[in-house]
Amino acid sequence: MNKLKSIFTYLILSVAALVSLFPFLWMLISMTNKSVDITQGSLMPGTHLFENLRNLFENYNVGSALFNSFFIAIIATVLCLVISSLAGYGFEVYRSKGKDIVFTILLLSMMIPFAALMVPLFRLFGDISQVFPAIGVDTLYAVILPYVTTAFFVFFFRQNTKMFTKDLIEAGRIDGLSEIGIFFRIYMPSMKNTLAAAGIISFMNNWNNYLWPLVIIQSPENQTIPLLISNLGSGYTPDYGVIYTAIVIGTIPTALVFFFLQRYFVEGMTGSVKG
Amino acid sequence: MKLASNKSLIGWFFILIAVIFITLFYFYPMLQALILSFRSGMGVNLEFVGLDNYIRLFNDPVALTAIRNTFIYLIIQVPIMILLAMFFSVLLNNPNLKFKGFFRTAIFLPAVISLVAYSVIFKYLFSTDGIVNKFLLNLSVISEPIEWLMDPFWAKVLIIIAITWRWTGYNMIFYLAALQNVDKSVYEAARIDGANSFQQFFYITIPMLKPIILFTAITSTIGTLQLFDEPMNITRGGPGNETLTISQYIYNLSFEYTPDFGYAAAVSFVIVILTVIFSMIQFRLGGDRK
């Protein structure tokens with residue numbers, strides 16, 4: 001009976017693992033094949049990788065899409081870490097009745113679906129364009145700005161600040177550090193794990209964001225990787241080899257982040273549920 | 001006392017930037033959306049029309065189709081995914097299991113790829129002459145290829161398969177983390193009392209995981225109500241709006257057809273209201289006997 005159960009367990013998990021991994025294997029194999037071989041369902045690696053890469057970089061602007069995606073994801077993540085941790089720290093360390101009410105109101109913004117925001121945001125950036133075209137419609141900054149702080153990250157930092165030893169703050173004050181000095185020189189260095197976890201989540205969200213860039217970006221040179229992949233995929237005569245190559249290139253950064261920082265990633269995901 | 005109130009004032013400066021950003025990019029647009037939803041017109045010329053947009057909504061067959069489709073995804077996909085995630089996490093929690101790390105990473109890996117990227121992959125995998133049909137034909141499960149992208153029924157099935165593939169491993173991680181906190185002696189006691197695996201799962205595991213079930217149910221529900229990337233990139237909402245979601249319809253109303261921002265804003269309040277209702281129901285069901 002026990003043996004049967006164990007065979008059953010391995011069988012189920014193997015099928016689940018195979019189903020989960022197959023699309024990844026498929027895209028890795030297909031990026032080395034010609035379009036014709038891919039349509040025939042070839043499961044053998046081919047010799048067309050460099051051809052696909054050259055085609056992609058020469059004809060489809062993947063270089064600028066990569067740059068744009070990195071620019072957006074890195075700037076948004078850095079700003080998000082600083083602003084959200086300041087707020088999470090402020091709410092927890094300088095706790096007061098007024099701030100608790102503000103915190104609760106901020107949390108309500110997590111319930112607002114993006115679909116309800118996209119039209120007013122688009123119009124807002126239209127207005128901004130009249131005054132500051134450099135951060136208005138069809139700029140990378142317009143993609144970044146709405147994601148610079150979200151209530152989720154403020155909440156996340158507040159939860160994690162609860163575990164920060166408050167005695168260190170007193171010690172800093174006795175040493176004559178200013179309040180902001182305590183934040184940057186004592187608090188930040190001791191929150192490396194939390195910063196890493198929040199940083200990964202923010203980077204991935206911004207790297208993979210699709211709907212908002214689709215709304216706000218118009219010119220091809222401002223395209224991000226998801227927009228490029230989406231455009232390649234909706235073409236009438238798709239070159240499958242090129243498309244799979246673009247998908248692999250677009251997935252490498254998040255996959256690397258995941259493999260190297262897996263521990264923080266899982267900690268960050270589950271840490272936000274606790275408490 | 002003076003020092004304390006001084007500290008409290010400094011605290012406001014710490015939270016100020018975040019409050020400004022969230023107000024400007026969440027609360028202000030939300031208010032604008034509400035005002036917009038009472039106005040109508042093409043492009044920039046909008047006039048006050050009262051509740052006309054909301055009345056139009058209930059007589060708009062496309063809007064009703066989008067709402068129906070979103071409900072179908074929600075009611076079928078979310079329970080399947082949550083049960084699968086729980087099931088895998090229980091299998092992986094077995095202390096004698098070998099290759100645990102491999103299985104866990106493999107099942108989680110879909111959560112790493114972007115929604116657009118996997119949507120495009122799925123569109124090709126499930127095309128009429130795609131590899132999934134070839135595989136099913138070879139196994140003689142089907143005698144002719146399934147029109148995954150062209151058939152109203154199978155197109156919905158495909159969207160459900162796709163979302164389940166992408167999010168099951170992600171949700172599983174929450175259950176795994178929670179299971180590690182469950183006291184093993186509870187299961188020991190149940191086994192001595194003669195409880196089989198199914199009874200242990202339904203009478204111990206599920207009640208213990210209730211807070212996490214609530215959390216994953218709410219986040220998945222909110223996610224599904226906002227579903228956009230997948231139908232946009234796999235089926236384009238087709239065939240004939242049969243996979244169209246509410247978010248996608250709002251996008252089309254605003255940016256694909258002649259823009260009618262007022263009506264689009266009214267449709268977006270359907271998602272807002274549904275999000276609030278579903279969250280409240282789930283809190284009621286899951287929150288009280290914690």
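Think of each number as a place in line: the chain as shown, counted from 1.
Glycine residues also receive a Cβ, built from the backbone N, Cα and C atoms like all the rest.
A quick note: this is a predicted structure, and the numbers were derived from the prediction, not measured.
Feature list (source: TrEMBL):
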DOMAIN    B:67-282  domain 'ABC transmembrane type-1'
TRANSMEM  B:9-28  transmembrane segment
TRANSMEM  B:71-93  transmembrane segment
TRANSMEM  B:105-126  transmembrane segment
TRANSMEM  B:153-179  transmembrane segment
TRANSMEM  B:200-222  transmembrane segment
TRANSMEM  B:261-281  transmembrane segment
Need a quick answer: max count of Cβ pairs under 8 Å to the transmembrane segment (B:71-93), which of B:9-28, B:105-126, B:200-222 is it?
B:200-222
Most Cβ pairs under 8 Å to the transmembrane segment (B:153-179), of B:9-28, B:105-126, B:200-222, goes to B:105-126
Take the transmembrane segment (B:105-126) and find every residue of the same chain, 6 or more past its ends, with a Cβ under 8 Å from one of its Cβ atoms.
88, 132-133, 148-149, 158, 161-162, 165-170, 172-173, 229-230, 232-235
